[in-house]
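Have a look at the structure below before the remarks.
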Amino acid sequence: MDPNCSCSTGGSCSCAGSCTCKACRCTSCKKSCCSCCPAGCARCAQGCICKGASDKCSCCA
């Protein structure tokens, strides 16, 4: 379990836009991918890396 998230690793949960999970692995949590991913990014992947600019990361360029 992520100490900052109430759901189990790899489980299904409803992480809201205000989710504070730092490494949330919830399959339904889109926010956990990256803080720099634009809203609605179809390729958003959990654990992607920000490249500096607020709108660029390793999965949504």
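Heads up, the Cβ atoms here are built off N, Cα and C, so glycines get one too.
Averaged across the region 'Beta' (1-29), pLDDT for the predicted model comes to 56. The annotation region 'Beta' is assigned in Swiss-Prot to 1-29.
If you look up Swiss-Prot, you'll see Cys5, Cys7, Cys21, Cys24 marked as divalent metal cation 1 binding site.
What Swiss-Prot records for Cys7, Cys13, Cys15, Cys26 is divalent metal cation 2 binding site.
Feature annotation from Swiss-Prot assigns divalent metal cation 3 binding site to Cys15, Cys19, Cys24, Cys29; the stated evidence is similarity to another entry.
Residues or ranges marked as region 'Alpha' in Swiss-Prot: 30-61.
The divalent metal cation 4 binding site annotation in Swiss-Prot covers Cys33, Cys34, Cys44, Cys48 and is backed by similarity to another entry.
For Cys34, Cys36, Cys37, Cys50, the entry in Swiss-Prot reads divalent metal cation 5 binding site, with the evidence type similarity to another entry. A 10 Å cutoff on Cβ-Cβ distances gives Cys37 (divalent metal cation 5 binding site) a total of 22 other Cβ atoms nearby, all chains included.
Residues or ranges marked as divalent metal cation 6 binding site by Swiss-Prot: Cys37, Cys41, Cys44, Cys60. Look at Cys37 (divalent metal cation 5 binding site): DSSP puts it in coil.
DSSP assigns Cys50 (divalent metal cation 5 binding site) to a strand segment in the three-state reduction. Residues annotated as divalent metal cation 7 binding site in Swiss-Prot, with similarity to another entry given as evidence: Cys50, Cys57, Cys59, Cys60.
Compared over the binding-site residues Cys36, Cys50, Cys57, the count of CB atoms lying within 10 A of a residue's CB peaks at Cys57.
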